[in-house]
Amino acid sequence: MVSIEHVAHKILSYIPYVLVLIDMRYEGVKCGKDGSVDNHMEMGKKLLAAGQLADALSHFHAAVDGDPKNYIAYYRRATVFLAMGKSKSALPDLSRVIELKPDFTSARLQRGNLLLKQGKLDEAESDFKKVLKSNPSDKEEKEATSQLAKSDELQRLVAEARRSYDSRDYMTAAAQLEAIIETCVWDVTSREMRAECFIQMGEMGKAISDLKALSKLKNDNTQAFYKLSTIYYNLGDHEMSLNEVRECLKLDPDHKQCFSHYKQVKKLNKQIQSAEELIREQRFEEAVSKYEAVMKTEPNVPQFSALAKERICHALSQAQQGGRAVSACSEVLQSDPENVNVLKDRAEAYVQDEQYEEAIKDYETAAKHSENDHEIKEGLEKAQRLLKQSQRRDYYKILGVKRTAQKKEIIRAYRKLAQQWHPDNFQDPEEKKKAEKKFIDIAQAKEVLTNPEMRTKFDHGEDPMDPESQQGHHHPFHGGFHGFQGFNPFGSGPFNFKFSYN
């Protein structure tokens, strides 16, 4: 049996070794920490060289966190940011490098270039001058000298552009600012001034381009979003205007200009959307009223009035209101004679009004501006058929009804005319002969217009009673009035079979 003393002696003999191991463990922690930063730096360098920027960035983040005074870690992270196009993030890192190591010319040169792109010319010049004073390499000296000269030239251009702008010579100012922005691509002040030049020149597309860039270059740029919204509004684009003013209010819900403008745009947008919904539901008269309200809501922006009038023209055309549609469409075409949609709508209205030659003219004009539009082609063919048909006989005209007449209206007109032109009412042989022909036309008109299939054919320019267009098809009136032997809708005279009024 082992004695307690012996065990205790053994344990005590191991204590020095345990203390050494503990000491080595803590020493290892310290070494491991330093080694960890080195490992992150090495891995980040390899990943950067391989183009794996996101992974490289993670390692340089860890290196900076592990050693906040390691200027190389900041410099490498700035390099990754620049490779990723994140110059805003790179700039603070380069400044930290220069703070930790003022004679690091590469970092100062990089920062000078970024400051130059931002249009901060005085700060950029200061960096370039310090590079030249810090014993740079030949390559660094050449670059710093070139950039310093460029900065001096840009300073001169900025002064000239400001003078041109202040004297309201916006075209000259825009040209000078263009030269500045070619180098100072992130210069907020120059872009703001150029955007205003474009607005004053009426070049809204270019102004929009600059303002969109400004909304990204400058944080919380509510003014850029407000200007974008007002430009889109004045161009008649209510949806884009609403999108931009909402971006402004996201940044500042209490922005007075944006909130006031938002209420106006929202109201107008809602009216236009409601009007379009009414058109889709074929509630055309209500749509016309809604678009009339649009013109009252915004009477000062011509684009919205033009849109409202164009859609009123369309709604009236769809509602078979030929005369009103022609008037509404003609008003739009006075200021916009090549508007294809309005030309098509007016052509359709002319067809409804039986002015086929005018319809053909509008379809032909529309076709010149939209050659592959199948609606124009079909409409033109229909108008040409109807014109040809109208030069022969028109069943609607025979009964004296509109092309939109319902069956009851057609039968009522037929009865009245059949009674008026019944051959028994005439004694003179010539008048009776004329009445017979008229009576046949009236009966044929009723037959065609009360038969859905025959009426559809007729509406598409085909005469169901014309032997030339109905070869091989029998129709009840072929052979003249004698085909009605015994026919008399009123049961008198020699024609004694019953005629149906259905």
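For all residues, glycine too, the Cβ spot is worked out from N, Cα and C.
What TrEMBL annotates here:
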REPEAT    37-70  repeat 'TPR'
REPEAT    71-104  repeat 'TPR'
REPEAT    105-138  repeat 'TPR'
REPEAT    222-255  repeat 'TPR'
REPEAT    340-373  repeat 'TPR'
DOMAIN    394-462  domain 'J'
REGION    458-481  region 'Disordered'
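Summarised by DSSP class, the composition of the domain 'J' (394-462) is 51 helix, 0 strand, 18 coil.
Assigned with DSSP, the residues of the repeat 'TPR' (37-70) fall into helix, strand and coil as follows: 27 helix, 0 strand, 7 coil. Per-residue confidence over the repeat 'TPR' (71-104) averages out at a pLDDT of 93.
For the repeat 'TPR' (340-373), DSSP puts the residue distribution at 27 helix, 0 strand, 7 coil.
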